[in-house]
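What Swiss-Prot says about this one:
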- Tyr129: phosphotyrosine (MOD_RES)
- Thr177: phosphothreonine (MOD_RES)
- Ser197: phosphoserine (MOD_RES)
- 1-70: transit peptide (TRANSIT)
Amino acid sequence: MAACATHSSLMLAYAAASTRSQDLTPTPSLFSFASSRPNHLSFPLLLLGGSRDRRCAAIDRASNHKFIVSAVAAEADLDTEEDLEQTATAVLDPPKPKKGKAALVLKRDRTRSKRFLEIQKLRETKKEYDVNTAISLLKQTANTRFVESVEAHFRLNIDPKYNDQQLRATVSLPKGTGQTVIVAVLAQGEKVDEAKSAGADIVGSDDLIEQIKGGFMEFDKLIASPDMMVKVAGLGKILGPRGLMPNPKAGTVTANIPQAIEEFKKGKVEFRADKTGIVHIPFGKVNFTEEDLLINFLAAVKSVETNKPKGAKGVYWKSAHICSSMGPSIKLNIREMIDFKPPTAN
């Protein structure tokens, strides 16, 4: 009888617990033990008033069912942990790279040619060279199959967005530019004959203006007489972006057309500071002698110094470099460059 009493108390406690957990019954999608048959967990409550044997049998069935439910619940917890581990592993796995068109190589990642790397060893990157050494080194670094141009690049302490700090001028290179310059002239009346006599390659008036509007650009310099500027003004959108618009500061608007033609044929070069305050001036070819390159370079330096803008303040020269078309830049010592005096002939 004591055993049955013990079983009865256990049965009541378990029946109460199973009654509270009815809402937590696993769904059929996760567990396979759920069925449509009546739930036996509540059955012992109906047998409380029956005989001893029937009560004991009910207790045994409830106990066995409890063990089954516990085992299934433990298995469900294990499956849930495995699912969580798989989810965490999927999150930690790095995403696979997307397949598509390869990205362009950045400029800093591009490799230089073997030729450039070899000639780059001839000069030290941060060293400032004197003018004579720099020009000699420049000729050594020019080893392409064509005749390269030689250029000077001066960084000035100016801001061209202000009118009093703009720089635009010309320089006559004593030894020429090393290339043939095709000069076109817009003139009328007797100026036409003067231009032809002075060696102009193309001479015209209204007819030449119409050709330019139609896309004719077979010339390097365009010179115009002052009386033609009213008609030339309409060509600004065509000539301006190409740097061919006649301008008094560039010496391409003048009444003395023969002199202008002669100067440009001999090597007169126009230059101007870009928006960052840098001036780019070509001063010859690599097949020039070192002496001729030196003379042209000093003429360019003198012109930049002479045409210093009125609004320039502080130190005017910030840096100076020279280079060939396909070669590395060579940094110059600015103080030595400005104070340099060519040797006098004996």
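Cβ from N, Cα, C; glycine included.
The Cβ neighbour count for the residue listed as 'phosphothreonine', using a 10 Å radius over every protein chain in view, is 22. Cα separation, the residue listed as 'phosphoserine' to the residue listed as 'phosphotyrosine', rounded: 46 Å. Thr177 (phosphothreonine) is 24 Å away from Tyr129 (phosphotyrosine) when you measure Cα to Cα. Secondary structure at Tyr129 (phosphotyrosine), taken from DSSP and collapsed to helix, strand or coil, is strand. Cβ contacts within 10 Å of Tyr129 (phosphotyrosine), excluding its own Cβ and spanning all protein chains shown: 21.
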